[in-house]
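Worksheet: one structure, shown below.
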Amino acid sequence: MAELACFCYPHLENDSYKFIPFNNLAIKCMLTAKVDKKDQDKFYNSIIYGIAPPPQFKKRYNTSDNSRGMNYETVMFNKVAVLICEALNSLKVTQSDVANVLSRVVSVRHLENLALRKENHQDVLFHSKELLLKSVLIAIGQSKEIETTATAEGGEIVFQNAAFTMWKLTYLDHELMPILDQNFIEYKITLNEDKPISDVCVKELVAELRWQYNRFAVITHGKGHYRVVKYSSVANHADRVFATYKNITKNGNAIDFNLLDQRIIWQNWYAFTSSMKQGNTLDVCKKLLFQKIKQEKNPFKGLSTDRKMDEVSHVGI
């Protein structure tokens, strides 16, 4: 994750702002600079290479002292920065909005995936600039639309029916901020269209998940799509979701946290997010992840979770 101010800076033109991507030499200069505490939140002028990000964001970049940041000297960093600028420049951002826009925290990996989709000549985003910009605006929180299959970050499609598409995420192969844990495996499920879904399509998805992905929990971060994650990583996801939710609501911003379809979501996660929305503490909410919750009556007749050991999926082993 990183703030948009880590990728670009605003330049006032008439009554609105144009956004310009940083170059990596300017960032490198900022990372070596000694800056007064009172100037930590200001864009840094490298003199030679142009404007650089505010020094307060130093930890967002990979250095010899910090291996967890972005690999800003890669070609991919420039591709993502340009993509963000193209999307922001399609809007009219005024002085009253610019600080809020640049402080927004976005998923670096999501944006790299969109950059990869843009370069794939078989992908619809390669052929449609309008759809590409729409996808980026959704990714950076400048659109209220949800991420559907056409505007999704992408990955490897492992399941699809008339209503849903399931993607295996490819973060291990990334340049900008790769996942270093070689055991990482995670999926995302997007809606093909943001409209009511038939019970038949839901049943098909639930059957696929219970049969092929029974070692995973189906959760949501509240943004209109599902995530399919290892049970061992659920607590980590819970911490992140709770922190994000509290941070947004603390600042007085309304958040439409979408609980999604209870028939698909892991029931303990549904209980966790419902409790979170009611205003309970993290400890109270997280206890629900580890409690045995009484199984709801199976909404799909004939669909069982009972499997013999030789029938259990080996995905995720």
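Every residue, even glycine, has its Cβ placed from backbone N, Cα and C.
These come from Swiss-Prot:
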{"type": "BINDING", "residues": "SER107, VAL108, ARG109, LYS188, HIS221, GLY222, LYS223, ARG227", "note": "ATP binding site"}
{"type": "REGION", "residues": "205-241", "note": "region 'RNA-binding'"}
{"type": "ACT_SITE", "residues": "HIS225", "note": "active site, for NTPase and RTPase activities"}
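All features noted in Swiss-Prot, drawn onto the structure.
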residue : record           : contacts (Cβ under 8 Å, 6+ apart)
SER107  : ATP binding site : MET1, ALA139, GLU153
VAL108  : ATP binding site : MET1, ALA2, MET70, VAL80, LEU176, MET177
ARG109  : ATP binding site : GLU153, LEU169, TYR171, HIS174, LEU176, MET177, ILE179
LYS188  : ATP binding site : ALA152, GLU153, GLY155, MET166, TRP167, LEU169, HIS225, TYR226, ARG227, VAL228
HIS221  : ATP binding site : ARG227, HIS237, ARG240, VAL241, THR244
GLY222  : ATP binding site : VAL241, TYR245, ILE255, ASP256, PHE257, ASN258, LEU259, THR273
LYS223  : ATP binding site : ILE146, GLU147, ASN258
Which residue counts does DSSP give the region 'RNA-binding' (205-241) for helix, strand and coil?
19 helix, 9 strand, 9 coil
Taking 10 A as the limit, how many CB atoms besides its own sit near the CB of the residue listed as 'active site, for NTPase and RTPase activities'?
22
Per DSSP, to which secondary structure element type does SER107 (ATP binding site) belong, with helix, strand and coil as the options?
coil
Have a look around ARG227 (ATP binding site) and count the other CB atoms within 10 A of its CB, chains all included.
21
Mind looking up the mean pLDDT for the region 'RNA-binding' (205-241) in the predicted model?
97
